Amino acid sequence: MAGQESLTLAGVLRGHNDMVMAIAAPMDNSPFISLLVWDITNPSTAVATDPEAAPPEYGVSYRRLTGHSHFVQDVVLSSDGQFALSGSWDGELRLWDLATGRTTRRFVGHTKDVLSVAFSVDNRQIVSAARDNTIKLWNTLGECKYTIGGDHGAGEGHTGWVSCVRFSPNPMAPTIVSGSWDRSVKVWNLTNCKLRTKLEAHNGYVNAVAVSPDGSLCASGGKDGTTLLWDLTEGKMLYKLDAGAIIHSLCFSPNRYWLCAATEDSVKIWDLESKLVMQDLKPEVQAFKSQMLYCTSLSWSADGSTLFAGYTDGTIRVWKVSGFGGYAI
């Protein structure tokens, strides 16, 4: 049973000089991306038995992707693992060929910082969100096909920064889900980018949205410290989970009925069947008083055995599921 499973710290990836805002794990167990490309095929077998000791190194970075002129806010991988897509405060998206480490395409159109990017399931479409209050749908040639918000969309767009955007993987209901600092979550029809549903219940800005692996559920979270679960088919809220602190990132397990939230206190793992926190993951060391140490980004490995968590100290902590079994969502 999933309730008998738990996560233990397996190691740490060190290489970033600032907080890790985004992590992208591939569909297989090949190297993964945080704008550094990491080889984790031969992680350290050391075990940190002393809770005061630093955890072992889990892998090494072997390529740095450079080209953006400002802070990189988000990164995702294509499903075949050949390309990475990044969004930056320089207002651009970049498509990277991971075999060469070079930019193959630049996406120019946003007038302010890009905050979120995503690939469609078939890798043929790209969506981005920015501080210009717009969402843009692109093809892989760098051509913007639709713009939602701003002077577009007949007033349907967000009235605040669009902090997070995701595709639903459900082929029967192709949609885009967005979260904004206007406190709303919106669901858009992918075919014409028209508003399908407006979801409102948060008391503060929305930082993160996540869509379940089957596309039936959406989770949203932000400043009010609550995670809201939404039924995307019915367009209604199902229930609320209290995280107790600002939420920076959310992700569903790919093969368990779990939801993970990166908060300013810890990484919370909820069992959605019981709606209880099954584990509260905290870093093994605390930062100096002048620095808050907390998780800012999350990503699961495709097989659900490993959770990667990026922190404000520039490290990525790697958590392994013990008693690996699970059940499908």
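Here the Cβ of each residue, glycine as well, is placed from N, Cα and C on the backbone.
Here's what TrEMBL has on this protein:
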- 65-106: repeat 'WD' (REPEAT)
- 107-139: repeat 'WD' (REPEAT)
- 155-198: repeat 'WD' (REPEAT)
- 199-240: repeat 'WD' (REPEAT)
- 288-322: repeat 'WD' (REPEAT)
Quiz item: Other than its close neighbours in sequence, what residues sit by the repeat 'WD' (155-198), given a CB gap under 8 Å and a spacing of at least six beyond its ends?
Solution: 115-121, 125, 127-131, 133-135, 137, 146, 148-149, 204-211, 213-216, 218, 220, 222, 228, 230, 232-233, 235
Practice problem: Count up the helix, strand and coil residues in the repeat 'WD' (199-240) according to DSSP, in that order. | Solution: 0 helix, 25 strand, 17 coil
